[in-house]
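Taking it in order: structure first as structure tokens, then the write-up.
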Amino acid sequence: MNEQVSHRQRAPDDDPTSEFEVGQEFQNKEAVLMAVKTYSINRAVDYKILESDQLKYAARCVQQDQGCGWMIRVSYWRKKEIWE
């Protein structure tokens, strides 16, 4: 998951076996935060927030030694008024 991703209606929190995909969309920043939190809980890993402001959010898994190497970057698209 080292690509820029976002989240649509079907989320990793809906299906714990689901992964994020490039091009998914979030309704708002709160949905981004909840999806990342749920994704991490379902996989029993911790994550670190790298960047979080009004237009961007980035986080990564901190347990590299356990084979956890994901990173997520999401940004707000004013044109579409969505997080992607």
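Backbone N, Cα and C define each Cβ position, glycine as well.
Bear in mind that TrEMBL entries carry predicted annotations, made automatically and left uncurated.
What TrEMBL says about this protein:
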{"type": "REGION", "residues": "1-22", "note": "region 'Disordered'"}
{"type": "DOMAIN", "residues": "20-80", "note": "domain 'Transposase MuDR plant'"}
| Helix, strand and coil residues within the domain 'Transposase MuDR plant' (20-80) as assigned by DSSP | 18 helix, 21 strand, 22 coil
| How does the model score the domain 'Transposase MuDR plant' (20-80) in terms of mean pLDDT? | 89
